[in-house]
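What follows is a set of notes on a single structure, which appears directly below.
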Amino acid sequence: MTDAKRAQKLDLSLDHKVADMSLADYGRKDLQLSEREMPGLMELIRKYGGTKPLKGLKVTGSLHMTIQTAMLIRTLYELGADIRWASCNIFSTQDHAAAAIAASGMAKVFAWKGETLEDYWWCTEMALTWPDGSGPDLLVDDGGDATLFIHKGVEVENDPSLLKKAYDNKEFQIIMDRLALAYEQDPGRWQRVAAKVRGVSEETTTGVHRLYQLEQEGKLLFPAINVNDAVTKSKFDNLYGCRESLADGIKRATDVMVAGKVVVVAGYGDVGKGCAQSMRGFGARVLVTEIDPICALQAAMEGYEVTTMEEAVRTGDIFVTATGNCNVITGAHMEAMKDEAIVCNIGHFDNEIDMHYLENTEGCVCLNIKPQVDKWTLRSGRSIIVLAEGRLVNLGCATGHPSFVMSASFTNQTLAQIELATNPDLERKVYTLPKKLDEEVARLHLDRLGVKLTRLSKDQADYIGVSPEGPFKPDHYRY
């Protein structure tokens with residue numbers, strides 16, 4: 001049964017809770033190093049730092065507390081925001097980045113690498129709660145956990161009987177315990193918080209799916225901007241970011257030689273495409289599993305073998321899930337794998353790999369090799385190596401995407417926050433950023449790469465029916 005006594009109480013006297021404040025100077029230096037690689041954010045500071053469109057607004061962030069995110073926080077701060085921040089993954093925080101932001105005073109930070117699930121949801125609620133008990137005006141979300149917490153809070157206040165139930169999912173039970181404590185203290189709190197939220201900008205595919213589900217069900221409580229499907233996010237962060245950070249995570253964790261290995265990539269969306277390119281680039285033979293005939297055909301025509309997971313488990317040396325779905329690699333799949341196959345996930349949540357099977361099946365034994373690297377001996381007698389407990393391998397075992405590609409993503413996030421802050425006419429639905437802004441985000445990053453852009457003549461522009469200033473493609477163009 002749900003029990004408020006299990007939930008750790010909030011401590012609103014805290015300005016931060018991080019692993020080690022002595023890392024702040026290291027974080028500050030690393031932050032300076034990223035500036036040149038994040039031209040989009042630096043330009044937004046120059047453009048909007050004077051007018052401060054976020055002045056007086058409270059912003060909650062639930063997004064990986066990395067050096068790149070520290071630059072996003074700095075940008076929002078320079079635009080006038082009052083910020084509280086938590087990470088959106090228990091393993092993704094870079095402790096020196098969290099310390100640097102906490103020391104700077106730009107945001108109240110509640111994040112450290114290696115949180116428990118109880119810690120994680122405490123940090124999320126701390127980020128959603130100001131010292132006077134009020135909530136945010138704006139949300140920056142990655143995976144939708146801050147949005148989920150508010151929506152579940154309102155749902156519980158409308159139907160307190162939900163708090164009398166027990167839940168099989170451990171993490172969901174932790175959420176409900178926290179909401180039970182909040183309900184005991186103030187049974188109308190989350191309805192007041194939700195009513196004040198001007199909107200959320202959502203960073204990733206999984207969180208966007210949640211938003212569209214809420215919209216379709218008529219349950220979305222405030223406007224939302226889908227940042228993930230901006231071209232300069234999905235076609236860059238998801239593809240080129242994963243192309244570099246996947247290999248970084250696998251190699252830091254295992255020191256494995258990828259060349260000559262068979263790598264199985266589950267899912268061939270933008271993330272899967274980047275993963276497949278990465279592993280092929282290191283000399284692996286890449287197999288792809290897919291449910292979508294279009295993506296499957298794309299993979300086949302790029303030269304990848306497309307097969308089922310049931311077939312792939314027989315030959316794979318390294319497995320990467322990139323689907324955003326659940327139970328992609330099941331217990332039966334793991335039992336059939338080669339001895340010491342490496343299994344990891346680069347989707348947002350930890351349910352793509354059936355960790356519940358490993359943790360709850362008699363005969364499955366875990367040996368921790370080092371942080372975020374576990375050797376599981378299975379009932380078959382063989383072993384597999386699971387990275388980051390099935391959570392994001394690139395952030396759990398490495399430092400995530402490079403600064404340059406995150407500059408494009410976070411420039412979109414900042415523009416979305418400005419839109420939510422300044423447009424009072426937005427309804428309770430999911431919006432996307434206009435093509436003109438997408439092109440501007442790309443334009444801001446060209447000089448850093450030495451790109452020289454060709455300009456249309458008036459005759460050429462008239463011939464194809466566009467302005468010489470853009471936008472150059474219709475909204476339905478897929479890139």
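Yeah, the Cβs are placed from backbone N, Cα and C, and that goes for glycine too.
The structure displayed is predicted, hence computed values, not measured ones.
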The substrate site in Swiss-Prot includes T66, E203, K233, D237. Which of D3, D137, D142, D145 is also listed there?
D142
Determine, using Cα-Cα distances only, which of these binding-site residues is closest to E203 (substrate binding site): G269, V271, E290, H348.
H348
Neighbourhood of D142 (substrate binding site) by C-beta distance under 8 A, where only residues 6 or more apart in the same chain count:
S62, L63, H64, C88, E202, E203, T204, G207, H348
Between D237 (substrate binding site) and E290 (NAD(+) binding site), find the distance joining the two CA atoms and give it rounded to the nearest Å.
21
Using C-alpha atoms only, work out the spacing between K233 (substrate binding site) and G267 (NAD(+) binding site) and round it to an integer in Å.
18
Please list residues from the chain of E290 (NAD(+) binding site) whose Cβ is under 8 angstroms from its Cβ, counting only those at least six apart in sequence.
G267, Y268, A296, A299, V306
Taking every protein chain shown into account, which of the binding-site residues G267, G269 has the largest tally of Cβ atoms within 10 Å of its Cβ?
G267
Do any residues at least six apart in sequence from T66 (substrate binding site), in the same chain, have a Cβ closer than 8 Å to its Cβ, and if so which, in order?
S92, T93, Q94, A97, L395, T399, G400
